[in-house]
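*Asks:* In case it helps, Swiss-Prot gives these features for our protein:
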BINDING   C333, H384, H510  Zn(2+) binding site
DOMAIN    1-61  domain 'TGS'
REGION    242-533  region 'Catalytic'
Amino acid sequence: MINISFPDGSIKQFAKNITAYEVANAISMSLAKAAMVAEINGELQDLSIVIDNDCKFRILTAKDPECLEIIRHDAAHLTAEAVKELFPETQVTIGPAIENGYYYDFARDKPFTNDDLAVIEAKMQELSQKNEQVTRELWDRDKAVEFFKSIGEHYKAEIIASIPAGEPITLYRQGNFIDLCRGPHSPSTGVVKHFKLMKVAGAYWRGDSRNEMLQRIYGTAWATKEQLDSYLLMLEEAEKRDHRKLGRELDLFHFQEEAQGMVFWHDKGWSIYNTIEQYIRKKIRKNGYTEVKTPVLVDKSLWEASGHWEKFRDDMFALETDDKTLALKPMNCPCHVQIFKQGIKSYRDLPLRMSEFGLCHRNEASGALHGLMRVRSLVQDDAHIFCAAEQITDETVSFCKLLTEVYKDFGFTDIKVKFSDRPEIRAGSNEVWDKAENALKEAVEQAGFTYTLNPGEGAFYGPKLEFVLTDAIGRQWQCGTLQMDFVLPERLDASYVAASGEKKRPVMLHRAILGSLERFIGILIEEYAGRFPLWLAPVQVAIATITSDLNDYALEVQKALIDNGVRTDFNISPDKINYKIREFSNQKIPMIAVIGKQEQENKQVAIRRLGTTDQEVLSVEQLIAVVKEENEKYL
């Protein structure tokens with residue numbers, strides 16, 4: 001007999017070699033019917049798994065969040081099965097679950113069309129309704145390679161041949177379809193009911209541009225129809241808010257082939273950029289940071305010493321000149337250490353908070369570039385805090401408070417924290433890691449946050465905090481980070497003189513709030529749907545005259561606004577006033593100052609705020625005061 005422990009603390013005895021499904025059925029027939037997978041000693045397993053030892057046991061159903069990834073993996077197999085039935089000449093490759101869905105890559109001469117997707121989706125519904133049994137099979141490696149070659153699935157044969165010897169080869173069969181997979185999977189295809197195929201894109205085999213191009217079908221799958229409908233509605237809203245679309249419509253920026261991944265900022269977009277930089281600069285000065293500027297192009301010897309050359313060489317832009325190899329910096333930290341090392345530092349100088357709007361370059365694959373969200377040239381709101389070990393908690397608390405203030409000012413109040421602790425391969429002793437992790441945990445709790453743990457996901461040189469924002473339509477964006485570093489000060493020989501007179505290494509805290517300004521602006525465009533708050537809007541007040549004889553007064557108003565730092569635009573053309581208002585509203589300008597004869601006579605303007613038809617009559621001085629008051633809250 002074996003002892004099986006359940007989540008409620010109870011322990012029951014069962015005969016050896018019982019399956020997970022049989023255990024579920026012994027608990028409740030309804031539970032067995034709803035069961036998708038079992039968690040055995042913390043690992044998800046198929047219901048068909050045989051249990052022959054004592055274990056901790058839990059049954060998972062579609063209601064459990066862990067099962068969403070299972071459903072999506074099931075849906076990927078269902079997609080492949082449907083494609084093979086409809087287009088038997090197509091070869092299947094890989095199909096993992098990803099955030100919000102899954103994809104499956106296919107090798108096929110003829111590209112899939114949108115009409116094909118509709119047919120494939122209908123076939124998937126048919127296969128789901130058949131409720132085909134899904135079974136796990138353990139195969140001999142050579143037999144599996146020969147089998148897939150014999151049915152023309154050469155990509156699968158290649159994958160199996162690359163699996164290290166001794167690892168089990170598991171295949172999953174459903175109906176006439178069989179696929180290589182580690183699993184686990186649901187017991188039948190009927191579990192996958194709520195799905196939709198989204199699009200087709202190109203993808204290189206094994207992600208290598210030297211390999212053949214495959215066709216990637218993206219899909220989404222959910223546990224309930226309500227979840228699917230909600231997600232599709234969110235996507236519809238996200239499409240309206242797409243920063244690339246709004247960037248064109250609002251004349252903020254553009255990209256072009258001659259400079260892939262590099263932003264061409266137009267005057268309005270650059271205004272937003274500079275306003276954010278001005279805002280952050282004010283915040284960090286108030287919080288005791290110095291601001292520096294370091295070179296963009298640095299000899300590779302520094303990157304070799306820091307370890308970046310070995311780790312990130314393929315992602316760096318390098319050039320040869322005067323028998324030297326120079327690289328555009330992908331990050332700022334080694335350069336900040338060079339500033340720290342200028343002159344002797346004492347414990348009295350710590351903590352030293354060094355910030356930079358650092359221009360960095362990363363050689364992202366062209367296929368990974370995505371508007372402002374993924375670029376090759378980026379500016380980080382980067383800072384490094386050089387401190388003693390006993391200052392880590394206080395510095396982290398201060399950073400968390402600063403970060404919270406910044407996010408709140410931009411309208412983000414739902415902030416989640418992820419804590420990544422020690423990986424298996426790491427620098428430093430367990431004692432050092434214990435102190436570091438405890439310092440971060442204590443700081444997060446003092447700052448009023450709760451956190452979720454990412455076990456083993458810290459960098460080899462220290463634990464990490466990630467700060468995740470939730471936007472207006474429920475999407476999550478990881479922006480802020482605080483990364484502890486024991487290694488770089490050692491590698492680059494940074495030190496300070498302790499109170500005892502001995503030389504010590506500072507701890508280095510890498511931290512950012514926005515991440516990159518480019519990406520954060522992309523997030524803001526989508527968060528606000530282009531309707532920037534008054535203090536951040538590239539044009540704060542637009543002036544529109546009702547008749548042309550009011551133009552001289554309109555120009556007087558514009559000059560007064562500009563002289564007082566108000567960003568303005570105007571339209572004194574002969575066009576009708578309703579047309580002018582509509583055009584300025586389409587540009588999402590927060591305030592429109594309408595000027596008629598009465599406004600001219602009284603030295604006033606009629607203010608219409610974006611999204612309303614109400615008008616408020618103000619003197620020019622009052623209008624200036626309203627805008628200045630808003631600006632001064634942030635700038």
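Cβ atoms here come from the backbone N, Cα and C positions, even for glycine.
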*Asks:* Is it possible to get the count of other C-beta atoms within 10 angstroms of the C-beta of H384 (Zn(2+) binding site)?
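*Replies:* Result for H384 (Zn(2+) binding site): 27 other Cβ atoms within 10 Å.
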*Asks:* Over the span of the domain 'TGS' (1-61), how high is the average pLDDT in this prediction?
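*Replies:* Summing pLDDT over the domain 'TGS' (1-61) and dividing by its length gives 95.
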*Asks:* Please report the three-state DSSP label of C333 (Zn(2+) binding site).
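*Replies:* Where C333 (Zn(2+) binding site) sits, the three-state DSSP reduction gives helix.
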*Asks:* Quick check on the domain 'TGS' (1-61): DSSP residue counts for helix, strand, coil, in that order please.
*Replies:* 14 helix, 28 strand, 19 coil
*Asks:* Which residues, same chain and not among C333, H384, H510, have a CB within 8 angstroms of the centroid of the CB atoms at the recorded Zn(2+) site?
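*Replies:* Checked against the 8 Å cutoff, the neighbours are M331, N332, H336, D382, A383, Q483, D485, L488, M508, L509, R511.
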*Asks:* Around C333 (Zn(2+) binding site), how many other CB atoms lie within 10 A of its CB?
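*Replies:* Step by step: centre on the Cβ of C333 (Zn(2+) binding site), count other Cβ atoms within 10 Å, giving 20.
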